[in-house]
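Novice: Sharing a structure below in structure tokens format, with a few things to ask.
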């Protein structure tokens, strides 16, 4: 199992390859706001653990294992963002909130959150009802 830090790199590499068709050390460093030498060290570790294939100066390619995990990590992140929107978290806080919790939830919890997102998306009245509860609670606290 990858560590939370490894997950961040795999997720970002997956997104870059999906968006650009490739992922360079400099692109990964910029996206994660880290030094390129840190990226190189992590990429070498991910190569050793068979999440990707890395050749210095030639770029990198995710292995089947890396692609599968990358896809699952992107799904988890997107699902948690959807969940935050449904429960009414301010848009400007969603990304940081998701980054703060995504590595601490079990895959079972992610699956149950997925069920809840699906439940709310199947009937918009449910979201409206939730908003009504939130408004009532805000009025009580004022």
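Placement of Cβ uses the backbone N, Cα and C atoms for every residue, glycine included.
Below, the features straight out of Swiss-Prot:
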- 1-63: domain 'HTH dtxR-type' (DOMAIN)
- 8, 99, 102, 103: Mn(2+) 1 binding site (BINDING)
- 11, 77, 99, 102: Mn(2+) 2 binding site (BINDING)
Novice: Just going by other Cβ atoms within 10 Å, which of the binding-site residues 77, 103 has the emptiest spot?
Specialist: 103
Novice: Give me the count of other Cβ atoms within 10 A of the Cβ belonging to residue 102 (Mn(2+) 1 binding site).
Specialist: 19
Novice: Which of 8, 11, 99 has the fewest nearby Cβ atoms, counting only those within 10 Å, among these binding-site residues?
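Specialist: Result for the binding-site residues 8, 11, 99: minimum number of other Cβ atoms within 10 Å at 99.
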Novice: Compute the C-alpha separation of residue 11 (Mn(2+) 2 binding site) from residue 99 (Mn(2+) 1 binding site), stating it in Å without decimals.
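Specialist: Residue 99 (Mn(2+) 1 binding site) has its Cα 12 Å from the Cα of residue 11 (Mn(2+) 2 binding site).
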Novice: DSSP on residue 11 (Mn(2+) 2 binding site), three-state: which is it?
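Specialist: Where residue 11 (Mn(2+) 2 binding site) sits, the three-state DSSP reduction gives helix.
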Novice: To the nearest Å, how far is the Cα of residue 99 (Mn(2+) 1 binding site) from the Cα of residue 77 (Mn(2+) 2 binding site)?
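Specialist: On Cα coordinates alone, these residues lie 8 Å apart.
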Novice: Whole-number answer please: how many Å between the C-alpha atoms of residue 8 (Mn(2+) 1 binding site) and residue 77 (Mn(2+) 2 binding site)?
Specialist: 10
Novice: Of the residues in the domain 'HTH dtxR-type' (1-63), how many are helix, strand and coil by DSSP?
Specialist: 38 helix, 8 strand, 17 coil
Novice: Whole-number Å only: compute the distance from the Cα of residue 103 (Mn(2+) 1 binding site) to the Cα of residue 77 (Mn(2+) 2 binding site).
Specialist: 10
Novice: Over the domain 'HTH dtxR-type' (1-63), what does the predicted model average in pLDDT?
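Specialist: Mean pLDDT for the domain 'HTH dtxR-type' (1-63): 94.
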Novice: Other than 8, 99, 102, 103 themselves, what residues in this chain have Cβ atoms within 8 Å of the centroid of the Mn(2+) 1 site's Cβ atoms?
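Specialist: Near the Mn(2+) 1 site, the remaining chain residues are 4, 7, 11, 77, 98, 100, 101.
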Novice: Within 8 Å of the Cβ centroid of the Mn(2+) 2 site residues 11, 77, 99, 102, which other residues of the same chain have their Cβ?
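Specialist: These residues sit around the Mn(2+) 2 site: 7, 8, 73, 76, 80, 98, 103.
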